[in-house]
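> What follows is a structure written as structure tokens; I'll ask about it next.
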There are 2 protein chains.
Amino acid sequence: MSKSKMGDPDNSNNNSNSNSNSNSNARSGPAAEHCVDIVHTVVPPPHRSGLQRLGNRLKETFFPDDPLRQFKGQSPARKWVIGAQYIFPILEWGPHYNLRLFKSDVVAGLTIASLAIPQGISYAKLANLPPIVGLYSSFVPPLVYAVLGSSRDLAVGPVSIASLILGSMLRQEVSPLKDPILFLQLAFTSTFFAGLFQASLGFLRLGLIIDFLSKATLIGFMAGAAIIVSLQQLKGLLGITHFTKQMGLLPVLTSVFHHTHEWSWQTILMGFCFLLFLLITRHISIRKPKLFWISAGAPLASVILSTILVFALKADGHGISTIGKLQQGLNPPSWNMLRFQHSHLPLVIKTGLVTGIISLTEGIAVGRTFAAIKDYRVDGNKEMIAIGLMNVLGSFTSCYVTTGAFSRSAVNHNAGAKTAVSNIIMSVTIMVTLLFLMPLFQYTPNLVLAAIIVTAVIGLIDVPAAYAIWKVDKFDFVVMLCAFFGVILISVQHGLAIAVGISIFKIILQITRPKTVMLGNIPGTDIYRNLDHYKDAMGVRGFLILGIEAPVNFANATYLNERILRWIEEYEAEDDVKKEGGGLQFVVLELSAVSGIDTSGVLLFKDLRRALEKKDVELVLVNPLGEVLEKLQKADENGEILRPNNVYLTVGEAVASLSATVKGQCSTTI
Amino acid sequence: MSKSKMGDPDNSNNNSNSNSNSNSNARSGPAAEHCVDIVHTVVPPPHRSGLQRLGNRLKETFFPDDPLRQFKGQSPARKWVIGAQYIFPILEWGPHYNLRLFKSDVVAGLTIASLAIPQGISYAKLANLPPIVGLYSSFVPPLVYAVLGSSRDLAVGPVSIASLILGSMLRQEVSPLKDPILFLQLAFTSTFFAGLFQASLGFLRLGLIIDFLSKATLIGFMAGAAIIVSLQQLKGLLGITHFTKQMGLLPVLTSVFHHTHEWSWQTILMGFCFLLFLLITRHISIRKPKLFWISAGAPLASVILSTILVFALKADGHGISTIGKLQQGLNPPSWNMLRFQHSHLPLVIKTGLVTGIISLTEGIAVGRTFAAIKDYRVDGNKEMIAIGLMNVLGSFTSCYVTTGAFSRSAVNHNAGAKTAVSNIIMSVTIMVTLLFLMPLFQYTPNLVLAAIIVTAVIGLIDVPAAYAIWKVDKFDFVVMLCAFFGVILISVQHGLAIAVGISIFKIILQITRPKTVMLGNIPGTDIYRNLDHYKDAMGVRGFLILGIEAPVNFANATYLNERILRWIEEYEAEDDVKKEGGGLQFVVLELSAVSGIDTSGVLLFKDLRRALEKKDVELVLVNPLGEVLEKLQKADENGEILRPNNVYLTVGEAVASLSATVKGQCSTTI
């Protein structure tokens, strides 16, 4: 096959080796003297065994970052060091750590701690957990991440969406009010499974799973979740005591307006004042990023101010509910609270999976965003292992699901964090809080926590991004709407599942119905492009030149067969009308975009060849890629598909060479 | 954007309009005088509204055959005729029917009737239904198909695999021995749903669903099913009375060897004699296709011979079980037996779906195979409607699932069938049998039915095809093995589901991890090809030219980002080693194979552009296709992605033009 071209090989070799002034256009220049000898041979790719090819494929699929590259050519001792640094990134940057970096990190650490304390308490309440669990979860996981994580900007702790999902999924089976201990046990066990699942994805290098949450899906999902979360806060902001346990838009609104007699004007007044205050500070920081500390400090300021107000006015006796007494001291161990032999095991595993994927997606997206800004790289699989182990260890020490939070990491970045030490500073600050400051929170009103949550999640509703999606891709916009309405009308998990399902369906549909386009020659060149797109391109008489724009496989072989035959029928019908005569002589398939083929795809070419033979039309293949060429050769024992004179490297060469052959003579100009 | 190239537009227009002798090579010829003015502009495709584009996409997806094409430019009366012919193909060929065709069809019809009678009885037993239902099912459906079907060779009736699946799925919940009436009702209701489902697929033009059963899946599945079916026949061939109700390999073999005391030597002797006879006749017909009538007539001959033997020897008293009395008369109505308000409804719908898809796949594959041989076309969606309506009407007249059977259609074709009239002849013959000949079957032994089934299904094990798959595509071979072992070790439905799941997973994996290849210049030409494949291709200094071989979407944007950055790192590392200096200046992405893009894909280009800017490297796009170009333009408000001088029509032009720009001067030769 490798020398299937008609041209004299010596001659064409000479030509190839001549200087670059020689002409690639088959229809002019010195080439004309040699009569189509400048046709370039399509050669099979260099031989590789099946095992080599499998290895290569697996490597490209699971190790696109080639993690062993840095070990090449290093001494054994150095290899150990690199290995340890690979597992514990702190060993890489730790030795170069200095006072200047430390100063920056202290400022950033204290800033995010002031945000983490009120957010931790609020998010724990969102997850139906005791408020103190939110503080516990801001103490241990940041320490673990500081050792294992590779991002310099990620601020670790509980996040709103994972808290919401954890709380709402567990509440389907267990009531946090009636059975708080069991609920807590299930939360820790779910956290354990979430971490296990996240770390496994990293170890097995299956990070590709989170790629299936597209940008459009996430925008719709986050906006929906933000609305659901905000609606839940109406309980705290309005002071309702008998609130619905459901999450959907309709049940919550029904519940709100069926309990108007429970609305407390003191709560409403104070709550909306603080909400307004927080929203204004947020707005200021968005307008002037240098003033980030205003929005970063506002939640803590609100907590302090509201606590003093409640204490001074003794407002807790006047319808304003407060957090109440919190236990002093560090995280108690919780490995004895993990429940594996339990009737709720399926629920716990499912909750772990969903919260694990969601929080992983957030954590990695945040890490990548800030790495791109500061121009360093985070390794997705390593991050998964870090976040996973952090959650597993967290589940042993009374923490629930944590990850890198977007809002807090942005504050961290703006406050000048240089390394993961800012997480350690935050963690130490929270330790101090846990040890000494817990009694101060006794009079903190719930309404301020609700206001903090609303302010935090309102930023998840990204209208400009939604508009940009509408402008660029209508289908993506539909996916986004499905995620959004799925979340607010059905449930958080179902909305997500529907959006992912539709996205995957679209990919499969694209593969099942690939585009075939008719190519034409751009006058005065050797270039062949889509006739529909390039209006000055012109068809070549006697040739039907089709580009296939997808891998050919079982899912589209039948379709392609029918579609190509229809192209031919249409060509012939048009030819009849024009009475040009001559008719169709060659069907040229340009295969540059056919990146793969399977056995059904190979059959397509055999079937086409046979169908065309009956019409006395020749099938010509142009630029089959390595894999395609190999498989066609293997399947082509009788030389049915690949014959001399029907495989070319470019459409231009195919047309030039075949035109010359038809005329039965060399033509100096055509 | 449309004039983003640096060249003087007038000049380049002149050049485009000049005769085809003009030179497309940027580096030589008259072009050199004008200093890279032969760069061709990448223009956006002609404007189409969102609705037009959606319409076009839907048409290509669901109406690839453009069924309305034939109506164009016809008179209203003629349109009605064409419409009626479209729905009832018999109106198309009926008027031209003549005596010559009729003679051929009578011969073929009688031949397939002689096969259909014993097969009908046998397959009904395989489905755990009364034998006579098999004859009923060979009477009504062929008549319906003759009116509606578009294939000239399809011989309609019950088939082995659909019978097996129907019987085994229903037996999971209802015993055909203990509750035969209910079982029959469920079988008819399943048939109704199968037909409804098939017809709906046709009406909704969702024929693409059956494309998901790849050749490899089908080969593995059919071989597995053939073994399962054959194992079931051990009951009849060995004369075992207490046979297992399970279908798997292990339970059946266990059952066979646990009941050795039930083996009847008379049955075994007679059974294997007939099996040998049938296999030999089959072998002869395979060797000499002209002797097709030997294998076509052998089953009926065996039935007659064995019936006479049993009757003459009174062998039914000696351990040889017979069919027993069959009711005389035509199909009784059965619409009153369809049960919709029943606890078994989910089972019945599931059974209808699975048998519907499987029988549709067989029917359409058979129709297409023979249509390709005789060079006519069958319309997949029309066939689905025909087969679907045939099953719906069948379920009203005591028939169970039928389709076009491969073995019987092959006999029909070989016997010289010209039109669907052969189905009518077969149907009439079976009518005569039902009316007058039923008592003759009373002494037909079950063993001969078992032998007929084994002979029929043994042909489904296609070892050469399996070997061909192994040779061409190892992954397809694995899919085939999964289907095969899934069927024989787990269950028929699960084996199928596993194989389809793996096939789809492969497609998704291909999309998630697309290939990126480094391109190089083939010396002496303008052609750029994969450096790994074409060993004489050479890289261009300062340029990294990458081809992306898949649509860019949410599932692979992150991967592509990381992979492309790694290509760049590797290029720079190699560059350092070689100390060539100069370093990387341009990353050229050849997008000819990127057939689509979504919002995540657009972001990839923005991110890449930003990452490269930090390294002072320019991102260049080559040949973005229509859709890609449009979306990039829409998303590119700030001109971040598409800038003058970074979109080219071919790699050659990009390299030539950019090299010239860098040198800051025109170069007559490079």
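Including glycine, each Cβ sits where the backbone N, Cα and C put it.
Automatic, uncurated: that is what TrEMBL annotation is.
The shown structure was predicted, so the numbers you read here are calculated from the model rather than taken from an experiment.
Checked TrEMBL, it gives:
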COMPBIAS  A:11-25  compositional bias 'Low complexity'
DOMAIN    A:533-658  domain 'STAS'
REGION    A:1-31  region 'Disordered'
TRANSMEM  A:129-147  transmembrane segment
TRANSMEM  A:182-204  transmembrane segment
TRANSMEM  A:216-243  transmembrane segment
TRANSMEM  A:263-280  transmembrane segment
TRANSMEM  A:292-313  transmembrane segment
TRANSMEM  A:384-407  transmembrane segment
TRANSMEM  A:419-441  transmembrane segment
TRANSMEM  A:447-470  transmembrane segment
TRANSMEM  A:477-505  transmembrane segment
> Please figure out which one of A:129-147, A:182-204, A:263-280, A:477-505 racks up the most CB pairs under 8 Å against the transmembrane segment (A:384-407).
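Most contacts with the transmembrane segment (A:384-407): A:182-204.
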> With CB pairs under 8 Å as the measure, which of the listed stretches A:129-147, A:263-280, A:419-441, A:447-470, A:477-505 comes out on top against the transmembrane segment (A:216-243)?
A:477-505
> So what's the mean pLDDT when you look at the domain 'STAS' (A:533-658)?
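Here the predicted model's pLDDT, averaged over the domain 'STAS' (A:533-658), is 85.
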> Let me check one thing: do the transmembrane segment (A:263-280) and the transmembrane segment (A:182-204) come into contact, meaning three or more Cβ pairs under 8 Å with sequence separation of at least 6?
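Answer no, regions not in contact.
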> Restricting to CB pairs under 8 Å, which listed stretch, A:129-147, A:292-313, A:419-441, A:447-470, is in contact most with the transmembrane segment (A:182-204)?
A:129-147
> With a Cβ cut-off under 8 Å, give me the same-chain residues at least six positions beyond the ends of the transmembrane segment (A:292-313) that come close to it.
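The answer is 111-112, 114-115, 117-119, 270, 274, 277-278, 281-282, 284-286, 320, 322, 410-411, 414-415, 440-441, 443-445, 447-448, 451-452, 455.
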> Let me spell it out: take the transmembrane segment (A:129-147), skip the flanking residues so only those 6+ beyond its ends count, and list any with a Cβ under 8 Å from a Cβ in it.
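Hits for the transmembrane segment (A:129-147): 88, 90, 116-117, 119-123, 154-158, 167, 176, 180, 183-184, 187, 323, 326-327, 330-331, 386-387, 389-391, 393-394, 397-402, 404, 420-421, 423-424, 426-427, 430-431, 433-434, 438, 441, 449.
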> Going along the chain, which residues at least six beyond the ends of the transmembrane segment (A:447-470) come within the CB cut-off of under 8 Å?
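Apart from its flanks, the transmembrane segment (A:447-470) reaches 118-119, 121-123, 125-126, 131, 160-161, 215-216, 219-220, 222-223, 225-227, 229-230, 233-237, 239, 267, 270-271, 274-275, 278-279, 282, 299, 302-303, 306, 320-321, 323, 407, 476-477, 480.
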